[in-house]
Amino acid sequence: MAKPSRVRRSPSASGSSSRSSSSSRSRSSGSRSLSRSRSLSSSSRSVSSGSRSPPPRGKSSSGPPKGASSPSKKAAPIQESLVLHVDSLSRNVNEGHLKEIFGNYGEVVHVELAMDRAVTLPKGYAYVEFKARADAEKALLFMDGGQIDGNVVKAKFTLPPRQKLSPPLKPVSSAPKREAPKPDNAAADIEKDGPMRSRETSPRRRSPLPRRLPDSPPRRRPSPPIRRRGDTPPRRRAASPPRGRSPSSPPPRRQRSPPRGSPRRIRGSPVRRRSPPPLRRRSPPRRLRSPLRRSPIRRRSRSPIRRPVRSRSRSISPRRGRGPAGRRRRSSSSYSSSPSPRRIPRKISRSRSPKRSCLRIQKKLKVGDHWSPEVSSFHENGFSQISKETTGRAVHALCVKGLVRTSVLHINTLINMYTKFGRVKPARHLFDEMPVRNEASWNTMMSGLVRVGMYREGVGFFKEMCGLGVRPSGFVIASLVTACGRGGCMFSEGVQVHGFVAKSGLMSDVYVSTAVLHLYGVYGLVSSSRKVFEEMPLRNVVSWTSLMVGYSDKGEAEEVIGIYKGMKGEGVGCNENSMSLVISSCGLLKDESLGCQIIGEVIKSGLERKLAVENSLVSMFGNLGNVDYAKYIFDRMSERDTISWNSIAAAYAQNGYCEESLWVFHLMRHFHGEVNSTTVSTLLSVLGHVDHQKRGRGIHALVFKMGFDSVVCVCNTLLRMYAGAGRSEEAELVFKQMPAKDLISWNSLMACFVEDGRSLDALGLLCSMIRTGKSANYVSFTSALAACFSPEFLDKGRILHGLVMVTGLFENQIIGNALVSMYGKIGEMSESRRVLLQMPRRDEVAWNALIGGYAEDEDTDNALAAFRTMRMEGVGANYITVVSVLGACLTPCDLLKHGKPLHAYIVSAGFESDEHVKNSLITMYAKCGDLTSSHDLFNRLNNRNIITWNAMLAANAHHGHGEEVLKLVSKMRSLGMNLDQFSFSEGLSAAAKLAVLEEGQQLHGLAVKLGFEQDCFIFNAAADMYNKCGELDEAVKMLSPSVNRSLPSWNILISAFGRHGYFEKVCETFHEMLESGIKPGHVTFVSLLTACSHGGLVDQGLAYYDMIARDFGIKPAIEHCVCVIDLLGRSGRLAEAETIISNMPMKPNDLVWRSLLASCKIHGDLDRGRRAAEHLSKLEPEDDSVYVLSSNMFATTGRWDDVESVRNQMGFKNIKKKQACSWVKQKDKVSTFGIGDRTHPKTLEIYEKLEDIKKLIKESGYVADTSGALQDTDEEQKEQNLWNHSERLALAYALISTPEGGTVRIFKNLRICSDCHSVYKFVSKVVGRRIVLRDQYRFHHFESGMCSCKDYW
């Protein structure tokens, strides 16, 4: 190592250096780095040149200062194994943090941290010096590849920078030198001029590790400090006397005093300045016209360019004026910040002209000596290296003034610079004013127009170019084709350019042909792209990648993989763009094995560290569901851009991790800072649920705050978010406020309307879209066909079918599947099958739609036949197919014929492990009457999810086991299962059927507590529960006002009034619903006709029946016919009822014949009753109601032999009559009573109360009606049997166990007899209490001797 030079340093100099360094820390980071580079460069020059710093005043200059090293001693080198170079650090890390981390491995001597400001990423590096070698090795072992503040860092041993960078020092001459005395006001100058002055006059104390780092660019000569307006210039010091020099050194060169604004001396060099000239007042210089006034850039801006030295002869100040703000100043110039306190007028030579002054400035100004590499390389590269607009404009100003020579190259790069910064107007001005243009000039101007998005202007520029006779080059054509692709609606222009290219013979240019290939891919014409690709004589990797991009944008991932295989077959290597497309396609295909093979190719090709490849890997693993792998790659990325953060956020969002997506968004805003529209769209996609609406609205507000509300893709994601949460009104408001709408916007709102049940609005939106000129695609028609889901939309569905055929979309597979599904939902299965057979290709989706339609239509045979045909055609079945076929099995006969064979097929085909299939098997066995098998399947399941529990709830509810349903709900809660909408609906329905008000209220309260109070299913189920439990007032209160009431709410209200006997209110509510604009549905007319039947409103009921098809276009269903038959039968019009049965468009079921048989029993029509009983016994041979009604009918007419015959048939077939029972619920206890029941603990009290009741009502005029006692006994025995009915025992118990004056509530599983009905009326009058009785069909409200049914039930 070379000997260091003898540098004189004093303690005072060291102190001033430390003070200057402490004051410099308070400055900004930019000034800190600038001052640091100056001090380091000047220090290194002072050492290498062998100069001596002047000692401070009052100190001896002989001998080295305290602490300085002797020339005879060598500096002790720091060993290589003691210093670690740590790379890839975050901006949040400081030196104290690093010292604390590395201090865990041993004693740390020094830590020096630096940031890499050559890039915009938060990446830095540091040097860590250890005291012991073993500690350094231990730190290297643990920290190389470790993490510091979330970044994976790299560590390695290195030499300290001062050993690597210090040049060999020159020997110092032994001749003594005289030291110049320091002026007396040195301390005042330091105090006045601040830290900058102190850094110049005193050497800076060096750090244990030098400031210049090994991987930093070489330091240039520091530029002079730029003084701003208002700063005080430093005072000049008196020139020092000449110093001594050695005999061998050259004679000192005469040095003139630098003018104002020139660079200060280099630290360490001798001070050789002249004394300032004597003070002489001169007249102000004459103002000249500046060339800047003709420049297109008029505004002055701050720039790091060193400003030229002011001429002594004339003052060039273009911004001076005559006004108060522009008044002349004698000693100031346009390049100085402010005049010094002591104004020293300069001598102005009148003999020098301004031209000679400018030439003198030009000779002095050397751009190549500038400290910035962007400016210093101006003569070779022009403006191409300029990264800041202010710098480029400043250099341009120098060119306009004539201070820097320019050529055509410089003008071309200047045009490119202005277009790069979006300044097209000055760029075009420069182009128009160019005296000479070469091919690069036209290329630059064309690419600039395309760069700023002026695509139409680019086409016009091309026409102008052709009009002037300039032959366009391949670069111009490629830029023009790119403009046509980016324009979005310039396909015709692109085709014309393609024709021009083919005519000019430029297709042989690989860049032009690749641009044409990409043009067709942008507009979705991948077949044309493929044709252009095959005709290309030369293909490079960009050509293959462009073809991949076209297929990738169309969503054809298989084609992308095929192109990649062809590319590998021709020996063309992939770049990072093509490889990222292939990786993304693997994610779209959900092919993990193929993805692993591609990862192997990535590693072989060495592209694993490319940013685009890493982003695609994160996206691929997110699509495959491997979020852990995606996070692993993301955490180990050396650098991350916005796409990286969006990819990891999308990976979490696609897999349903809402919290993690929001946390990634928080980290992205905190560490990365940049958020784009894709980020916001990704977040909104995961918030499309009713549980996340609060956060969704917050992101919506952030969209407005960031200005993304005008971005179409963000607005489309907002539409989908509100649609997923069922907020169609908010989605419609967002749609109306969108400044621009594309096809996705229309389709999103249409799908939102369909999901929210607003079918008419969805169809109206399709009409509006067609009227505005938007061309509907297959997505539009798919949503519109999904809106036609009920029979009243049959005509509209056929119109849509015709539009599909006219537009040529029937060949689309999705459209065909939607048509099959639409006709199946409407019930037109023949049309559905015809569409299926006309389809060019029938996949499993089409067959599933047909089988599902047959299952909904309860057509088991056709559903199984379609399933067999599907298998014969070789179409593989999936779990949806199996679920649909199982749903078609409904009766016990279907269980043996189809259900169990299907179960065997499921086991053999491997569908038994599917959760959906297991749940469907439980439901199928329950519907077919085998509840025991359902329980066995349920108990054998190890993992039961919420769907499995819901299937078991539905199975028990189907068999009428309401108590078991409530027990299962309670068990689900005890096991920690979260109840969903279906669980609450089944529980509330079971509570309604059992009329257990308390349990229903508890379930309703739990649903409200869990946030389901706005769910329409739970809301309507709770209202129906209150209705069936006798709380009509609570049901009416729950329903919303008529303005916002939905169709199910109207149906519940009509049913509630009809069930409780308020028939006039039923009709009023129906007409009120029509006035509010709500169209009645299938259930509405069932409730309305049932109310008319129970209320005896025959004419009104028939009128409502005629309205079904005539006014509302609804095809009457079997339920409507049953209601009309019951309406006519109760009123005695049995012949009309039988006529309706014979003219029904569908086959009569058991409900039809049971209603007719019950009416024949009431009116004693034996012939019709026998016919009805025969039909009913054929349909339901095991049903006890056939025999009970027949027996009662014969008993009513006194045909006791026939009664005995029917009872014998029941005994022979082992059919037992359903026993009547009544019950009373009090708090948590239910008391049940049968006929003549004496098992209750209070039996004696009950019968005593019963005798009291009999005595009281007989005194009030009660006479027993024994016509309902259908036994062949005497009248006294018949009356005694009547008093043993279960409802009378329940009434007696309720009167003795309920408080006086309270309402008595009694429930019965069968219809109340006429004599018991009379007893209840008398008791309500005698006792003076309100009695509510619910039988099998309706509620009876007894009060003051009157019943709400008006004795018609």
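Cβ coordinates are placed from backbone N, Cα and C, and glycine is handled just like the others.
All TrEMBL annotations are machine predictions without curation.
Record features (TrEMBL):
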type	residues	note
COMPBIAS	10-72	compositional bias 'Low complexity'
COMPBIAS	253-331	compositional bias 'Basic residues'
COMPBIAS	332-341	compositional bias 'Low complexity'
COMPBIAS	343-361	compositional bias 'Basic residues'
DOMAIN	82-160	domain 'RRM'
REGION	1-78	region 'Disordered'
REGION	159-361	region 'Disordered'
REPEAT	438-472	repeat 'PPR'
REPEAT	540-574	repeat 'PPR'
REPEAT	641-675	repeat 'PPR'
REPEAT	742-776	repeat 'PPR'
REPEAT	843-877	repeat 'PPR'
REPEAT	945-979	repeat 'PPR'
REPEAT	1046-1080	repeat 'PPR'
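On the 0 to 100 pLDDT scale, the model's mean across the repeat 'PPR' (438-472) is 88. Tertiary proximity for the repeat 'PPR' (641-675) is limited to same-chain residues at least six positions away from its ends with a CB under 8 Å from its CB atoms, namely 122, 611-612, 614-616, 618-619, 621-623, 625, 627, 630-631, 634, 682-683, 685-687, 692, 695, 706.
With helix defined as DSSP H, G or I and strand as E or B, the repeat 'PPR' (742-776) counts 26 helix, 0 strand, 9 coil.
Secondary structure of the repeat 'PPR' (540-574), assigned with DSSP and counted as helix (H, G, I), strand (E, B) and coil, comes to 26 helix, 0 strand, 9 coil. If you look at the repeat 'PPR' (742-776), the same-chain residues 6 or more away from its ends with a CB under 8 A from one of its CBs are 712-713, 715-716, 719-720, 722-723, 726, 728, 731-732, 735, 783-784, 786-789, 793, 796, 807.
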